[in-house]
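Here is what TrEMBL says about this protein:
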ACT_SITE  153  active site, proton donor/acceptor
ACT_SITE  157  active site, proton donor
BINDING   8, 9, 10, 11, 12, 13, 97, 98, 99, 123, 124, 125, 126  NAD(+) binding site
BINDING   36  NADP(+) binding site
DOMAIN    129-263  domain 'Dihydrodipicolinate reductase C-terminal'
Ligand code: NAD
């Protein structure tokens, strides 16, 4: 039985994760952590009253009490860093969905996990369709180097661009390099209207109620365009990838960045 603690358990992703872990064969939801102190059991939140795990505000205490195998984290930037450190130092494998960490922070955790020989995963996107989108977009960029990325999310999202857009842009930049595209003398009549500039490609972040997580990668060539689009229309879309990750980290002794490195190995 893989014992899993979920941090951010009362959040949108946290609740979905708790449900998925309870339903997954060979997994046990051993703890639920959230700073929105409740005193209630997580079961009452996820419509499974039989799940008798009280929500706690203290991750270190929960780890000492239940000695989990894996920590799943869907909290927020600024919190997740501390959680990863606590987990790795306690020998608990982190499976991190929280986005917004920079490359230096991720590298520091990769080093820490290797030093402690603890497996783990930081995944900006657990939706398998989104990973395929990145893979296909990277392939397309070899033939269509002119590209812009539009990502669309719900309006409560804290970071922009999304972790998935960053990952897509990094992956495309690795095959096409830095490139200036568009009109060199173009100017913005409204600041920021052309989006953020990553290695010469533009990223646009849309934030509106009604969206979950969506992204379109648009390539322009002579006389043709190619669009590769992925839509997560519900948070359930992230769960098959999350459950797969929880199983896979059990056999790792280092921290991996990106679920694609466990999927397409
Ligand atoms: P949310 O605001 O609904 O949930 C965050 C939860 O974390 C809240 O319940 C909050 O109380 C809790 N929290 C905040 N500080 C805490 C602390 N110090 N200790 C314990 N709990 C704390 O947000 P969400 O929509 O569920 O998203 C959470 C994160 O997951 C974001 O970073 C988001 O970008 C990311 N996300 C990742 C994926 C993926 O596939 N990797 C998919 C969707 C969202």
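Keep in mind that glycine also has a Cβ here, set from the backbone N, Cα and C atoms.
A TrEMBL annotation is a machine prediction, not a hand-curated record.
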Residue 8 (NAD(+) binding site) as reference: those recorded positions from 36, 153, 157 with C-alpha within 10 Å of it: 36
In angstrom units, rounded to an integer, how far apart are the Cα atoms of residue 97 (NAD(+) binding site) and the residue listed as 'NADP(+) binding site'? 19
Would you find the one among the recorded positions 12, 36, 153, 157 whose Cβ has the most company, meaning other Cβ atoms within 10 Å? 153
Just the number: how many Å between the Cα atoms of residue 153 (active site, proton donor/acceptor) and the residue listed as 'NADP(+) binding site'? 24
Would you mind splitting the domain 'Dihydrodipicolinate reductase C-terminal' (129-263) into helix, strand and coil residue counts from DSSP? 46 helix, 39 strand, 50 coil
With DSSP assignments reduced to helix, strand and coil, which class does residue 97 (NAD(+) binding site) get? coil
Does anything in the same chain, at least 6 positions from residue 124 (NAD(+) binding site), have a Cβ under 8 Å from its Cβ, and if so what? 99, 162, 163, 164, 166, 167, 258
Residue 124 (NAD(+) binding site) falls, by three-state DSSP, under coil
Shortest C-alpha distance to residue 36 (NADP(+) binding site) - which of the recorded positions 10, 12, 126, 157: 10
Mind running the recorded positions 8, 10, 36, 99, 153 against ligand 1 and keeping the ones whose CB falls under 6 Å of it? 8, 10, 36, 99
When each of the binding-site residues 8, 10, 126 is scored by other CB atoms within 10 A, the minimum falls on 10
Minimum Cα separation from the residue listed as 'active site, proton donor', reported as the residue among binding-site residues 10, 12, 126 that achieves it: 12
Give me the count of other Cβ atoms within 10 A of the Cβ belonging to residue 97 (NAD(+) binding site). 25
Tell me whether residue 12 (NAD(+) binding site) sits in a helix, a strand or coil according to DSSP. helix
